[in-house]
Amino acid sequence: MVMKNPIHRRIPRLFLKKPGVYLPLFFISLLTVTFASSFFISQNSIKPLYYKGLRENKVEDGQFLMANPLTNERSDAIKKRDVDLVENFYKDSKCRVPGDDDRREKILRVFANREKINTAAIHAGRLPKAKGEIAVAANFAKAENLVPGDKLTLDDEDYKITALVATPDYSTILKTQGDLAMDTKHFSVAFVTKDVFDSLKEKNHYLYSYRNHERLSEEKARDRFEDILSDAEKSGPILGATTFYDNRCIQYFIDDMGGDVPMMTITLVILFISLGFISALQTRGLLREEAPVIGTLLSMGYGAKTLIRHYSLVPTCLVILSGIFGNILAYTKGYTLYADLYYTSYNLPPFVPILSLKAFAITTIIPLGIVWLVNRMLLLRYFRLSPLRFLRREFYRKKRKNAPTFDGFSFKRAARLRILTENRLNVLALFFGMFVGNLLLLFSVALGPMFDDYADSVKKDMKYNYTYLVKASDPDVHGVKGLSLTMDYKKGEEKTQLNVLGPDQHTAFDGDLPSSMKPHDVVISTGLAHRDNLDIGDAIEVKLPGSKHYKTLHVAAIAHDIHSIQALMPMDNLNRLIDKDPGNFNLYWSDTPLKINDDLLITTIDRDKTGAYLEAFLENFDGALRTTCILAIVFYFTLVYTVSKLILEKSQKDICYLKIFGYGDGEVASIYLLGMTIAVALFYPLSLPIFDRLVRYLFALSISKLSVYMEPHFAMTSYLYIYALDLAVFVAAQWLGRRKIKALNMVEELKKVSG
């Protein structure tokens with residue numbers, strides 16, 4: 001039998017003997033693993049539920065909104081294209097929850113119970129069966145603390161909630177396809193019986209949904225969609241249409257989660273690279289402290305590989321333990337943090353946690369590999385030295401150059417500079433960790449102000465206080481006319497949708513439109529220009545959703561005062577592009593409210609209410625942002641404490657000598673800690689240009705899939721706040737270092753020197 005290596009028995013004793021060295025590393029590793037594993041467990045559980053809901057609840061393949069109901073002839077023609085077509089009509093009704101003091105208006109988009117397409121997954125209760133009963137979206141109920149049996153008011157009538165549901169066509173409940181985010185508390189969906197739906201007094205919206213009989217490729221599905229729209233257009237104006245692939249109410253969630261996974265993985269890797277360097281510095285300190293013992297063991301016949309394996313076990317055991325306990329915490333309770341976040345923001349099928357080996361692998365094997373590799377590289381370098389060099393504490397293969405003398409400096413200044421140069425690897429690790437921590441801090445504190453600025457810019461983009469989308473002209477209304485179209489947009493191989501506005505003559509848009517525009521000239525917003533790197537003279541391609549062929553437009557100018565994703569061209573030119581009469585329009589603009597016939601009105605856009613949904617969006621993510629901020633602070637504090645401790649432990653003998661020569665604790669602290677304080681205070685402002693560029697790039701990358709453009713600017717107050725927070729955390733960690741200097745046992749330390 002081969003006896004186990006007896007020196008491995010000292011590892012538990014080492015952890016117990018030096019808790020101040022290893023406990024901080026274990027703690028931050030545990031926190032990182034717990035948060036990351038909780039996310040991956042939630043993600044790996046919710047993603048299959050989402051796709052299962054699409055299948056079992058028969059998600060639509062496309063939808064289109066008509067100004068008037070389809071004729072029987074057109075309906076039959078569409079059904080002959082091997083699709084199931086259903087009426088998915090809805091009414092937007094004002095809602096009030098008893099006891100809610102929120103002054104903002106709540107809107108429920110009410111549908112009749114569904115049977116064939118986009119059916120409901122029930123979280124609790126049953127679907128409505130009688131008058132006075134209603135089913136509401138599960139995330140709306142969660143936001144309002146509603147359960148089956150509670151009541152709410154709709155059209156001044158009380159309704160009893162019988163079910164909390166989720167439907168596949170509204171996993172993300174957006175009021176319009178162009179909304180940046182959801183407003184869970186103020187807009188949601190609900191379901192009633194057909195008789196109750198017909199009795200609601202609000203205007204009917206004629207939405208149709210269809211589902212293909214057989215599964216088609218995306219290209220064939222889009223071709224069929226265009227054929228269906230061609231049939232529908234013969235029945236009357238189409239107000240809006242989208243396929244399954246372009247429907248943001250369906251795709252937004254999976255796109256969001258698809259972006260979250262690589263971001264969380266990258267964050268995990270970066271954090272553990274930082275922790276790997278910290279553990280390597282700890283290992284280096286341990287090697288130097290135990291150098292005579294290592295030299296003796298090597299002289300007695302212990303192999304270098306055996307000792308490398310032993311010293312590798314110290315950091316890897318910490319990572320393994322943090323991986324095990326972190327995943328246990330994540331599986332028992334931690335996953336609810338992210339699951340609640342997703343289920344508050346999105347309306348998804350009932351949650352069922354799934355055991356995920358992938359989550360364990362990502363949060364344990366990857367960190368273990370990073371920490372093992374970093375420490376292995378360090379150990380291989382050290383164990384190339386001979387036993388004699390370990391005994392003499394000579395850790396450099398080549399003769400070191402003379403240390404800088406720092407002539408002309410006072411003793412204290414020279415000592416501070418020498419300490420920094422001798423601990424440059426520790427300081428570099430501190431700077432790297434500080435950089436990573438500040439990235440997390442900035443995103444957690446600056447997103448709120450940035451979204452507020454975006455909401456303000458959206459309001460400023462609106463030239464008028466009110467926009468009224470209409471089915472046809474109202475003879476009693478005298479307002480500024482315009483045409484608004486949502487068109488398929490292609491730049492290169494990338495396809496998406498684009499809102500194209502066609503203002504009439506003599507409007508507030510005259511300043512954005514050049515006086516001499518050719519029929520195929522277009523003005524683009526600065527948001528579109530920045531997002532797609534467009535400039536004057538470039539070409540874009542657009543078409544109506546029901547059309548087969550794209551038409552090329554040339555960028556004649558850029559509207560620098562419009563930041564949303566839009567394009568502009570004169571109303572007569574836009575009508576000519578879609579083969580309509582020059583006077584065709586579908587909206588009124590006005591600075592004062594207009595009274596428009598309800599039968600003609602589609603929707604009203606109020607400047608004051610625009611962007612209000614972002615407030616609720618940020619409220620939903622407030623917990624996640626706070627958690628990120630706390631994690632960053634804990635990470636940075638642990639890093640500063642560990643590096644300070646390494647420097648002080650390395651210099652304990654010198655500190656004792658200084659005390660013998662009459663230096664007080666405060667003076668010793670000023671020599672060993674003040675230099676690092678000054679270095680940290682200078683690092684942040686000096687690294688700010690690089691930091692700012694990197695953050696802007698990462699933010700632009702994170703929103704690249706959204707159909708909006710947000711200028712990645714960060715307020716100077718955010719940078720100042722982070723700087724102040726960095727210094728405060730640093731001072732708190734340094735205070736612990738000062739206590740260590742004060743508590744240093746000089747007798748024990750000097751015994752080590754004298755033997």
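Backbone N, Cα and C atoms are what each Cβ position is placed from, and that goes for glycine too.
Unlike curated entries, TrEMBL annotations are predicted automatically.
Per TrEMBL, the feature transmembrane segment maps to 21-41 (among others). Packing against the transmembrane segment (21-41) from elsewhere in the chain are residues 14-15, 260-261, 264, 267-268, 271-272, 275, 278-279, 282, 285, 314-315, 318-319, 321-323, 325-327, 329-331, 334-338, 353-354, 356, 358-360, 362-364, 367, 627, 631, 634-635, 638-639, 641-642, 645, 649: each is 6 or more residues past its ends and has a CB under 8 Å from a CB in it.
Sequence-distant neighbours of the transmembrane segment (261-281) (same chain, 6+ residues past either end, Cβ-Cβ under 8 Å): 25, 28-29, 32, 36, 39-40, 43, 315, 318, 362-363, 366-367, 370-371, 373-375, 377-378, 425-426, 429, 432-433, 436, 440, 635, 639, 642-643, 646, 702. For 261-281 (among others), the entry in TrEMBL reads transmembrane segment.
Taken from TrEMBL, the feature transmembrane segment covers 310-331 (among others).
Annotated transmembrane segment per TrEMBL: 351-374 (among others), in sequence order.
Tertiary proximity for the transmembrane segment (425-447) is limited to same-chain residues at least six positions away from its ends with a CB under 8 Å from its CB atoms, namely 267, 270-271, 274, 277-278, 281, 284, 618, 621, 625-626, 628-629, 631-633, 635-636, 639-640, 643, 646-647, 676, 679-680, 683-684, 687, 691, 694-695, 698-699, 714-715, 718-719, 721-722, 725-726. Residues or ranges marked as transmembrane segment by TrEMBL: 425-447 (among others).
Remote same-chain residues near the transmembrane segment (624-648) are listed as 20-21, 24-25, 27-28, 31-32, 35, 271, 274, 278, 281-282, 285, 337, 341, 419, 423, 426-427, 429-430, 433-434, 436-438, 440-441, 443-445, 447-448, 655, 672-673, 676, 680, 725-726, 729-730, 732-734, 736-737, 740-741 (criterion: CB distance under 8 Å, separation of at least six residues from the stretch ends). Positions annotated as transmembrane segment by TrEMBL: 624-648 (among others).
TrEMBL lists 669-691 (among others) with the feature transmembrane segment. Within its own chain, the transmembrane segment (669-691) has Cβ neighbours under 8 Å at 412, 415-417, 419-420, 427, 430-431, 434-435, 438-439, 640, 643-644, 647-648, 651, 655, 658, 663, 719, 722-723, 726-727, 730-731, 734, 737-738, 741, counting only residues six or more beyond its boundaries.
Residues or ranges marked as transmembrane segment by TrEMBL: 718-736 (among others).
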